[in-house]
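Pulled from TrEMBL, these are the features on record:
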BINDING   LYS70, LYS99, SER357  substrate binding site
ACT_SITE  LYS111  active site, proton donor
SITE      ASP153  site 'Important for catalysis'
BINDING   THR198, ASN229  NAD(+) binding site
Amino acid sequence: MVKHDPFANATKQVNDACDVLKIKDKGIREYLAMPNKVLRVKIPVKMDNGKIRVFTGFRSQHNNDRGPYKGGIRYFDPEGGVQYMEREVMALSSWMTWKCAVVDVPLGGGKGAIFVNPKKDKLSEGELERLTRGFAYKIGEIIGPQKDIPAPDVYTTGKEMTQIMDTWSKMNGNKYSPGVITGKPIPMGGSLARNVATGLGTAYCVRGAAKILKINLKGAKVVLQGFGNASTFAGEYLEKMGAKCIGASDSKGSIIVPNGFKVSKLIEHKQKKGSVVGFPGSKKVSTEQLLTTKCEILIPGALENQIDAKLAKKLQCRIIGEAANGPTLPEADPIIYNKKIMVIPDILANSGGVCISYLEWVQNNMGYYWSFDEVAGKMEANIVRGLKDTHDISKKYKIDMRRAAMVLAVQRVMEAFEHKGIWP
Ligand code: GLU
């Protein structure tokens, strides 16, 4: 049985934003919360042993008032089973709508998933490719460069994106169609900076927040919870901006290095030893000790539901940059707000990925490719503006940054909806 319903949570966030914006009309609230379409597909795959295995996949298209649906495809097997996955995909597609709106990229929200765990299920490369192409074929009708543009997510990479692009192109008269999907490898029409996008975006957000709070980044202490793609790049870019990383964690444990460490050195150590634990000069601490260490910047970059009310009371940081999705429980938000810690909510702090996806799609559409610095510069402009607009709303309505980001996003979608209206 499922403990919580992610779509109910996403709906509550929409309603909370509507409260602030004084949108009382129930119909409009429902319009904003519900996905436009949820497609559930059966994907039969011939396995290597000759037997057929049937998989279930989803694509939820939440809102396209501001542009084509946009969002990743994940391969995952949540505890609650297929039914739970459907609710999760609906929620995630809703968050994509708000994520794109908050940084003002002209795209809507979508999300897809296949109920499979490629690692646990030990699928061979061939089986995985047949599954991916089978799914692409089944959702082929509803995706397209001007309709719905998927991207990588949990357990999917550039490899799957290439297979989806190739399948879709072949279904559509063999037309070269790189813009049907983003997160592609560079030779397939991918964008520079896409691989570092999430972490780089988080670092830009933190720099913007530090400026607002008048915190000098030079020597500012950073704690990185989780040492995966998002947080390592966030750490590396913050380091380049002058900050000093002093704590990190992975699934094997957490460490504090009082004198600080170079992110590249810790990556090397993890590659050799399989964990951040045991890094020279470090002391092993509990997750709680790591998160509540005195520092300027805390980057929760791994798991959901890490900061609860109890932990929030003990936080000693000044900025939280949520590189992960949903690391803070709703009960912790008012406590963090009262402590005057600035939270850069996930839909803003980890929007670097979708920002660069947008720029990849633009480059695909025009057939001309930008340099790393051009792409990163354009992404920074979107993100910093999103942060500033969110901060302005948080001051105007005296609400925390998470709510403010939702208010900003809902306001932007409403503006588009008011222009377009309903037809047919
Ligand atoms: N899966 C990423 C996200 O949730 C990227 C989505 C995209 O690039 O479209 O933000």
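Using N, Cα and C of the backbone, Cβ positions are placed for all residues, glycine too.
Summary: among the binding-site residues (THR198, ASN229, SER357), the fewest other C-beta atoms within 10 A of the C-beta are counted at ASN229. Filtering LYS70, LYS111, THR198 by Cβ distance to ligand 1 (under 6 A) retains the following recorded positions: LYS70. Apart from the site residues LYS70, LYS99, SER357, the chain places the Cβ of GLY71, MET96, CYS100, VAL105, LEU107, GLY109, ALA151, SER351, GLY353, VAL354, CYS355, TYR358 no farther than 8 Å from the centroid of the site's Cβ atoms, the recorded substrate location.
Proximity to LYS111 (active site, proton donor), defined by a C-alpha to C-alpha distance within 10 angstroms, is shown by the following recorded positions from LYS70, LYS99, ASP153, SER357: LYS70, ASP153. Non-local contacts of ASP153 (site 'Important for catalysis') by the CB criterion (under 8 A, 6+ apart in sequence, same chain) comprise GLY71, GLY72, ILE73, ARG74, LYS111, ALA113. Each residue contributes its Cα atom, and for LYS70 (substrate binding site) and ASN229 (NAD(+) binding site) those atoms are 21 Å apart. Cα-Cα distance from THR198 (NAD(+) binding site) to LYS99 (substrate binding site): 13 Å (rounded to the nearest whole number). Within 10 Å of the C-beta of LYS111 (active site, proton donor) we count 30 further C-beta atoms, all protein chains included. Residue pair SER357 (substrate binding site) / ASN229 (NAD(+) binding site) shows a Cα separation of 16 Å.
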